[in-house]
Amino acid sequence: MQGRHWLILWVAFLCGVLATFAQFAVPPVMPALFERYGISYTEAGLLMSMFAIATLLFATPCGFIIPRYGVRNVGLAGLLLIMAGLACTLYAGSFAQFVAGRAVQGIGFGLVAVSAPTAIGQFLPADKMPVAMGIWSTWIPVGNLIVFFAAPRVLASLSIEAYWVLLIASMVPGVLLFALVIPNPPRDPSARLLPERAVLVDELKNTDVWAAALTFAAFTFGIFSLTTWSATYLNEVMGLPLVLAVSGTLIYAVASIASDLYGGVLLHKFGHRRAMFVLPPTLLLLLWPLFAIPDLTVFCVTIGVFSLISGVIPPIVFASAPLLARRPQGIGVAMAIVIIGENLGFLIGPQVFGWLREVTGTFTASFWAMGLGALLQIFTLNHLYRTGVFARRHAAVPALAPASQPPARPAC
């Protein structure tokens, strides 16, 4: 059964990566979209924001329907919706149709983003959760890396239409594997005694899970702004061609994959130490202003160091959600709340970044504003530390037991 656990992890991870292909499909081809649709910076930000709005609206319902329909069925529905949304962008004859396609993709992404980590939380033992979620946390940078590396080359050698066709085709193996490998778990006997509405309401009152969601919102507020606009910044300010302008995002993706992985290991070993929680966002707060220096070497060094630090944070958030859920059937709701936070930052960050660029005429104010997210993370991550959820030494148990009482909080 141990091997089956890890197979579930890797299939969930693969489908998460495929979902991020749709999420990041726009930023690396943004200059081509500027030319094709004649859009402004604010309208370009809308392409990312509409995706995030759709995800936000469907994340909480997803957590609610998983206990009823099963994690496999919900995940499959998400992957199929992503394919439908990509088909809409392929055939979009106007900017409004393109935005509508992004909204459909966002709905599908929300279903996958909740169901895939919920499958991990349901089927992997609690003592493996920090490492497993450290692996899962690389889903976004891995997808980011692949898309930003491949997109300019596909555009240069083929066409924008071929780009969307390839994205649609990439979803097919994910659909097949998710259907074959991810089980629909039997309903927990205790779930029959508790109405599903009560499970939802109980988790919605869980302030610790909301602290994890707020942490993720503050994190993605800056990270998604950086990955969305860095290629445009390097192209406009430093004159790099598009194929080279994506190098900043590629550096981020490669370095953050490594930091996500060792972040899970560090969390497993040092989850009882406050520095594990507050030091990373403090360092990010100091690094954000350096991006505004118009020097390519400074930018590359800064984004490399930034990525090696920032990747420690997602494993904390993803691993905390299933452990902070008040009962096993509430894991899906807890994950949905976290995804709400992720996409709230995704919704606000790129839009604020693009608006500041448009009203000031430079990128300086945009980069400085991103430090506000790091400042908020210092407080929210300190709250997660004080829950003591990672200070407990979990025995190797087969499932996440219901938390009958909240864990003792370490002293301030």
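Note: Cβ is positioned from N, Cα and C throughout, glycine not excepted.
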The annotated transmembrane segment range in TrEMBL, which must be one of 4-24, 46-66:
46-66
Take the C-beta pairs under 8 A between the transmembrane segment (274-290) and each of 46-66, 131-151, 163-182, 209-231, 296-319. Which stretch has the highest count?
296-319
Over the domain 'Major facilitator superfamily (MFS) profile' (8-389), what is the model's mean pLDDT?
84
